[in-house]
């Protein structure tokens, strides 16, 4: 039997010391950062990885957003540098700064106020010109209804045609008052878009008398009415003649030609509108600004196309608006006001577009050389006399102060050399100076 092993005393003491030893009070306990520095737990490491990934993802998103914003800004700058887009932006800016919407609302009011007497006078004159041709009158009436949507205008046209001269005379008086006022306000609105500055210049403030300006507006109004009447007649005749032309050509049975020929009235209307707008903008000129001819023509084309698009849009919307209860009460008036407002804004925006059009550079004038300057050019009699007078006065004063007198023989010789005989050359003046020098010696 093996005897038990006996430990040595120093081993027991060491174990006892280890078992009863206390931690060093100067050492702080481990914190969460110490755990992370030494690897930490699995949960801590996963939490740290998730937070780092989220931060990196957020930074990537911010960087991508900034890159997209920079690209969009660069693209917008490149787009704005395109000439026609830059011109369009400049026109919109001027339209807003020059109160385009407010002027458009004012023109809408005056247009609605003056449409009744103008239509009355126009169809009274039309009834006199086309007397006995009811078909032509009906075509013009139908075309006017298409030009100005709403049943309100139809009632005015029927009353003007049926009542004849009585309506025409009353309409003339009302047209002279409201129509000329409408033209004056339209002129002021268009010219506000054309001036280099919004305020009127001194040249515009010193305008002609009230009577002369009123006559000018009346002449412009009459010309605009004639141009619109010609436009309506051309559109009516073109629309009625398309079936006749197809009959002449024997193409009535060709189905695909009818939609093609349906575009003809629209094209004729656009051409007629271009002529009207060109004439209209040419009559709106001001002393401080003359619109370029090319800009006026392009603006007239834009206005004509926009005018036809507005008419087609109103024709499309009108049947759908009749279902509203409010439309049944004020429908035709609301449609007419909305149509006038669209057309007024269109005209003023085109005016702003014309006013901001870049002008072609003016050709440089060639330098014209001046006349050659000759050094020994003769001096005129008046100049020589003045020089002699000044020289004599200075010499006499100097001689008097010096206590000297000029002998008579030298005085005669001096006067003979300076006597003006038409023109005195510089050579004679030199001789006179030498004589004076000889006298004073």
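Glycine is no exception: its Cβ is also placed from the backbone N, Cα and C atoms.
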Segment assigned the feature transmembrane segment in TrEMBL (from 69-94, 303-328, 329-354, 355-380): 329-354
Candidate ranges 31-54, 103-126, 127-150 [criterion: TrEMBL lists as transmembrane segment]: 103-126
Annotated range (TrEMBL: transmembrane segment) out of 194-215, 260-281: 260-281
TrEMBL annotation of transmembrane segment - which of the ranges 7-25, 159-177 it falls on: 159-177
Range among 218-240, 402-424 that TrEMBL annotates as transmembrane segment: 218-240
